[in-house]
Amino acid sequence: MPAVVVLGAQWGDEGKGKATDQLGSRVDYVVKFNGGNNAGHTVVVGDEKYALHLLPSGILSPGCVPVIGNGVVVDLEVLFEELEALTSRGVDVSRLLISSSAHVIPSYNRTLDKVTERFLGKRQIGTTGRGIGPTYADKMNRVGIRISDLFDEKILREKVEGALTQKNQVLVKIYNRRAADIDAVTAELLAYAERVRPMVADTSLVLNQALDAGKTLVFEAGQATMLDVDHGTYPFVTSSSATAGGVCTGAGIGPTRVDRVVGVIKAYTTRVGEGPFPTELLDDMGEHLRKTGGEYGVTTGRPRRTGWYDAVIARYSGRVNGLTDLVLTKLDVLTGMEKVPVCVAYDVDGVRHDEMPVDQSAFHHAKPIYEELDGWWEDISHCRTFEELPVNAQRYVLALEEVSGTRISAIGVGPDREATIVRHDLLD
Ligand code: GDP
Ligand code: IMO
Ligand code: MG
């Protein structure tokens, strides 16, 4: 049975939550391996709509074990808020496992995230303000606080003190903020210890044993390839590894255990926050895509920037992730257009680039080279087979498959669980 990675092939919000949820009933474990509550996944089940941030989408499938891996950063307050909100809606959350090595987001890192953004001024990243960047920085700086630290008050206090020795200098002297109080922060974190204890596990061991036992595992990425700290549009990225490589470090499994890598990709492109975006539409068409696609952030409510499908990004994502399949989402949003442009290459200062320019400045200057495809007018939200799609929609999908370099195994035609056309089974 397979271990399947589901990740974002663009700048996030491709519909990963829906894609993961859809596999849910046939999956034994859904594992989040990167990011934190900067993610926002909308899953629609019948008349119910769920917005998940920190929790893996597998939490909505009875019988599936949701796992928060060591590569995730955990805001404990958000964790319990989300768990309580789901419980009150009748969702059984008792199966959740959390890695003892996952880092926690202390309140001072939320403060630092917001003040550093403010100080960056025009160079700001447009972060979600959830303390993600500072917490990953602490991890690399070896002053982070892990879930396992919550269970020994003395050690926890020492670690908080260690972190604040540096950070209070920065908060007070650079940002003119109040110093964080060591006792108060320790008490704040300690207050969650007993509640979180039953969920804590050696998740790497659990997952490897599950793989040995032939279980089906889905590794669900937060964020996306173009927001990956190594492979994305640095510095306009998040601070974790959202690409396939992140699965191994963020969940504690070896690369030989992964069978499939599925890239979720929208039939157009969106981005939240700052940074380059070659196919961005700043006109009425951009507004049309935003309105029709409901492109407003699940986490911060910000309007998403919108643009046409970018095959250069799709090919790049195929390369850095080793994609085996694409799930194309939101094809229905493109219904009703005379022509649908697709970016097949870039023009950078008069030179054609078929591949992602390695130089970041070149990417900032990239002008899309478009091919125009014929649109379709028929409502496609009821289509459940490829053949039911209008012929121009079929041609659009086949053209994207051709220019993207990875087969399109499923096509989203609406937000509902059922509104998907499956061409190849992702778990086969
Ligand atoms: P994620 O962060 O990748 O999980 O994606 P988000 O949940 O942030 O954003 C995707 C949005 O698109 C959600 O509101 C989904 O309900 C919706 N969605 C997913 N697939 C489709 C689709 O095929 N068609 C339409 N119209 N909406 C979709
Ligand atoms: P999902 O999982 C879209 C963006 C932020 C900002 C940058 C850094 O729903 O696809 P951060 O708070 O992570 O330090 O912000 O990354 N960003 C996302 N954009 N979808 C997401 O998650 C995102 N998570 C972070 O807008 O530009
Ligand atoms: Mg999202």
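Keep in mind that glycine also has a Cβ here, set from the backbone N, Cα and C atoms.
Among the candidates Q166, Q223, the one that TrEMBL lists alongside D13, E14, G15, K16, N38, A39, G40, H41, T128, R142, T238, R302 as binding IMP is Q223.
Other residues of the same chain near the substrate site, with their Cβ within 8 Å of the Cβ centroid of V298, T299, T300, G301, R302, P303, R304, are G40, V272, Y296, G297. Taking the C-alpha positions, the distance from G40 (IMP binding site) to V298 (substrate binding site) comes to 5 Å. Local packing around the binding-site residues G12, G15, G40, G301, P303 was summarised as the count of other Cβ atoms within 10 Å of each Cβ; on this measure the leading residue is G12. Mapped onto three states, the DSSP output places L331 (GTP binding site) in helix. Nearest by CA distance to Q223 (IMP binding site), out of the recorded positions D13, K18, H41, T42, L331, is D13. Only D13, T128 of the recorded positions listed as D13, T128, T300 bring a Cβ under 6 Å of any atom of ligand 2; the order follows the sequence.
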